[in-house]
């Protein structure tokens, strides 16, 4: 039920919120850029309260009260959402975007042998300002992926029949451009999967590392899993800093309303994610050095090194999240065709799950190959005998290669023109 609810709200709520801003108004365009930041800020405030206050209530007052409090707040949020219905701007639904994509592919293959006209203005498009797709602006024709342009060729058979009303035989230029945009965005989408594989360490190998560090801070014992709160705190700190300090400074140098382009923002986040893995590897190298000097290599015990040394890597992950995760959501919203924004936001969220699966696959392969020949491997049960630092370095190396691929894709990417 949680998966169903999350799948329904997450891709739609950010798109619906951004739809409240008018793209034709320069002032509202700037506010829309800030909306994504503060939207993510609110999510992390909720995560922080949930991971601290609600957990404390569950431990001290019982799970019944702990679950009742979020239930009450969800009921209040639903009520407030419906109460404000008359205030919202609604994007007209344009039908199934997947159906439109399939129509372009089918129509293009049907005209496989049809020659393209030299004059692209002869391709089919409705006259006037409005698009054939409800609630969507017209898109300008682009010269890339020319094969799909065949779907918009008006053949002699089309002219004689009723194909103008059959999108499985003849599509508008705007409909063809929708598919082209999705294909152009795919490489950018793929490169953010690696980022989410890095983010997955936040709730897996970082915790494993924390288990073999000294968890005492004064008279307190810090649970390793609770350090992930510093990731949330980092996001809460970085978002106001980014929105109120970095963007105005960047705006002076770049001349952009948002300071950074979405692709620049994602790229900065990818760099920070590499630094997070490097930080984790350095902490592990130091931990193993102390384990050797204290004669603890073959003992499954924590080493005398404070768990607080993990804070920098959590803060770097949080900073990377502010740049890449928010930049990704904004990129997929702004670049998506008007009638595909929720779908593209959903694709952006798919990278989170694919990144988690990829992290598991890498972990499985590392465990398999490094334990050949009877070796304990990089990640044995006793981490003092292993080389978790090499695993973090491997992830950093993969992320670096991914960054180079991203830069290449970003430099060739052509933004949509509506």
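Every residue, even glycine, has its Cβ placed from backbone N, Cα and C.
Annotated features, as they stand in TrEMBL:
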type	residues	note
TRANSMEM	38-57	transmembrane segment
TRANSMEM	63-84	transmembrane segment
TRANSMEM	181-200	transmembrane segment
TRANSMEM	220-242	transmembrane segment
TRANSMEM	263-283	transmembrane segment
TRANSMEM	314-333	transmembrane segment
TRANSMEM	345-371	transmembrane segment
TRANSMEM	391-413	transmembrane segment
Touch test for the transmembrane segment (314-333) and the transmembrane segment (181-200), at least 3 Cβ pairs under 8 Å: yes
Long-range neighbours of the transmembrane segment (345-371), counting only residues six or more past its ends (CB under 8 A): 7, 10-12, 14-15, 189, 192-201, 204-205, 328-329, 331-333, 336, 377-380, 387, 391, 394-395, 398
Closest-packing stretch to the transmembrane segment (63-84), where packing means Cβ pairs under 8 Å, from 38-57, 181-200, 220-242, 263-283: 38-57
Intrachain residues whose Cβ lies under 8 Å of the transmembrane segment (263-283), provided they are six or more past its termini: 188, 191-192, 195, 198-199, 201, 205-206, 209, 309-310, 312-313, 316-317, 319-328, 330-331, 389-390, 392-393, 395-396, 399-400, 402-403, 406-407, 410, 413
For the transmembrane segment (220-242): best-contacting stretch of 38-57, 181-200, 391-413, by Cβ pairs under 8 Å: 38-57
Segment proximity, the transmembrane segment (391-413) to the transmembrane segment (181-200), 3 or more C-beta pairs under 8 Å: yes
